[in-house]
Amino acid sequence: MSISVIGAGAFGTALAQSHATDGQDVKIWARNPVTVDAINQHHENTTRLAGVKLSESLRATSDLAEATEADHILLCLPMQKLSAFLTENKTLFRGKMLIGCCKGVELTSLSGTSDVIRNAAPDATPAILTGPGFARDIARGLPTAMTLACDHKDADGLQQSLSTSVLRLYLSDDMAGAELGGALKNVVAIACGAVMGAGLGESARAAIITRGFSEMQRLAAHLGAKPETLTGLSGFGDLTLTCTSDQSRNYKYGFDVGTGKIPDPKITTEGVATAQAVANLAEKSDVDMPLTRMIAALTRNEITLSQAVEGLLSRPLRKE
Ligand SMILES: NC(=O)C1=CN([C@@H]2O[C@H](COP(=O)(O)OP(=O)(O)OC[C@H]3O[C@@H](n4cnc5c(N)ncnc54)[C@H](OP(=O)(O)O)[C@@H]3O)[C@@H](O)[C@H]2O)C=CC1
Ligand SMILES: O=C(CO)COP(=O)(O)O
């Protein structure tokens, strides 16, 4: 069984490396020929995952037709770019198993990854790979547990194929819940970064994680996700990782905001567009998500961090 990874960013490179190290037949597609050369000639992705030595068996290509010959295709592009990319190339994805690895909600459609795949590549079968795993940890071969969500009849086979000796995938049939957890935790991580950057303390961060989780569960339940998906790796697991580590780009974005620095717009920070999308989705669904609303307003520069904190603290007292 062959695997291709579409998108040679940090996460795509890490997954490809993990499978190549495990002895599997894996190819990675990059749009940038410089990245292809760096991986094939120097065994390093100098732009997106510098400093990690890659397996010599990992081959990169900028030929999308060649990359899409594989049986299983891992989509590792930023969420807001996925739909246009799939639409433009949909004939190449016909009949393929497309495993979406993006963590976000699409701003234009308010859809999650699996619906974006269904709409943009209707002849493909979607699955979701999500959960707590930093690219750098996975690429270094550190033990990681994540969620593979799939309602395909050969879900067990896919789980076997995509797991390695150190990348342990737990199977779920709840794609909506799994992808929501991964998307929503990024918004909470921005809030945690901001709290820590502004020196508001670890107690405040614990409050944000807990109340943020409560919002995540509320929206997920409304959208039909299973409760256990949100308390599993793809929800609570990833929330814990991202809200407490400065390896996280979402956390770092928030930290910069908290210290008054302007975050680097070139860094993929899924929580920014997702905060806007989720605030819109929550309003449309009549689900109360005050923290997400604040982060959406903060990242649009409509309010300051002090106003966001004041807004949250002045809400009526309530039962937990
Ligand atoms: N990094 C991590 O630890 C994890 C990331 N994820 C998720 O994976 C997704 C990708 O993240 P990550 O790899 O880290 O991001 P990066 O910013 O490292 O890489 C993004 C990749 O997407 C490519 N790309 C961007 N726009 C397009 C486009 N329009 N067409 C084709 N290729 C494009 C970039 O190409 P180029 O280099 O040429 O710009 C780059 O290779 C995100 O949704 C993220 O949340 C999930 C788990 C962990
Ligand atoms: O999703 C991640 C780890 O599970 C990576 O988070 P960041 O995109 O914030 O770096």
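Numbers here mean position along the shown chain, with the first residue as 1.
Heads up, the Cβ atoms here are built off N, Cα and C, so glycines get one too.
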Checklist entry - Lys96, Lys103, Lys153, Lys319: which one does TrEMBL list with Arg249, Asn250 for the substrate site? => result Lys103
Checklist outcome for this item: According to TrEMBL, Gly7, Ala8, Gly9, Ala10, Phe11, Gly12, Arg249 bind NAD(+), and the residue from Ala124, Ala135 that belongs to that same site is Ala135
Checklist entry - Going by DSSP, is Phe11 (NAD(+) binding site) part of a helix, a strand, or coil? => result helix
Checklist entry - ligand 2 is in the model; which of the binding-site residues Phe11, Asp238, Ser248, Arg249 have a C-beta less than 6 angstroms from one of its atoms? => result Asp238, Ser248, Arg249
Checklist outcome for this item: Reduced DSSP state (H/G/I helix, E/B strand, rest coil) at Arg249 (NAD(+) binding site) is helix
Next on the checklist: Could you check which of the binding-site residues Arg31, Lys103, Ser248, Asn250, Glu270 is the closest Cα neighbour of Ala135 (NAD(+) binding site)?
Outcome noted: Ser248
Checklist outcome for this item: Smallest Cα-Cα separation from Asn250 (substrate binding site) among the binding-site residues Gly7, Ala8, Gly131, Asp238, Glu270 is shown by Glu270
Next on the checklist: Give me the count of other Cβ atoms within 10 A of the Cβ belonging to Gly12 (NAD(+) binding site).
Outcome noted: 25
Item to check | Close-lying recorded positions around ligand 1 among Ala10, Ala135, Lys185, Arg249, Glu270, where CB distance stays under 6 Å | outcome: Ala10, Ala135, Glu270
